[in-house]
Amino acid sequence: MDYNGVLVGLGNPGARYEGTRHNCGFALIDAFVDFGYRHGTVDEMNGGKFSCQLWRVRLPRLDGCWLAAKPQTFMNLSGQCVQPLLSWHKLKAADLVVAHDELDIPPGELRFKFGGGNAGHNGLKSITELLGTPDFYRLRMGIGRPPHKGDVTNWVLGRPQGEDAENLDHILPLALDVLFAFADKGLDSAVRLAGKTTRPRKPVRQTANAEASNNSPEASATPQNKDNT
């Protein structure tokens, strides 16, 4: 079967990471698949050979069929899912859209781009290394930076609260609109639409350490030989 593209949302597997900032890519896949069930056709596929959860989504707004994947590796091993997934389906890096959290974008805002650096994101780094190219599309979902330097790990692995959580929820339908704009009209349209997103309000943030202790026990603990950031 021919596919128009592949949407991969980055995150860490397991209940302990559900709802964390680092898993906003997973949240987008959930929203995309749910939209597909309501407005199109969705087939759940066997993604075991690619170490991912995998769906085939057909939507009129996509003018065809897309794959949607949630890697079940840890974040820094995301490429071990993406590279074989593309290879098996005879797709190129340029057919790939990766949705991921972005520290340098405020919560409630989006950016869309093709290629570029990884900005310290281990999931993007793994994908770039195993594909052998940075030339794929990125749907960047803003999570903002922590209020105190040095606690980035606790921040990305923490669960947002209050207005901060509302800001992150706010971008999910907007992110779908950006994806549909890209599928329908191409890169420039997606870039313009993403650039129009603004924070609905200034979030009041807890410290990352408080969030980690309140919402994600052991969230800062890195499993042996794994890197969840």
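The backbone N, Cα and C atoms fix where each Cβ goes, and this holds for glycine too.
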| note | Checking Swiss-Prot, the member of Asn46, Asn118, Asn122 that binds tRNA with Tyr17, Phe74, Asn76 is Asn122
| field | Conformational class of Asn12 (site 'Discriminates between blocked and unblocked aminoacyl-tRNA') under the three-state DSSP mapping | value | coil
| query | On a count of neighbouring CB atoms within 10 A, which of the binding-site residues Tyr17, Phe74 is highest? | reply | Phe74
| task | Determine the C-alpha span of the tRNA site listed in the record, that is the greatest distance between any two of Tyr17, Phe74, Asn76, Asn122, in Å to the nearest whole number. | result | 16
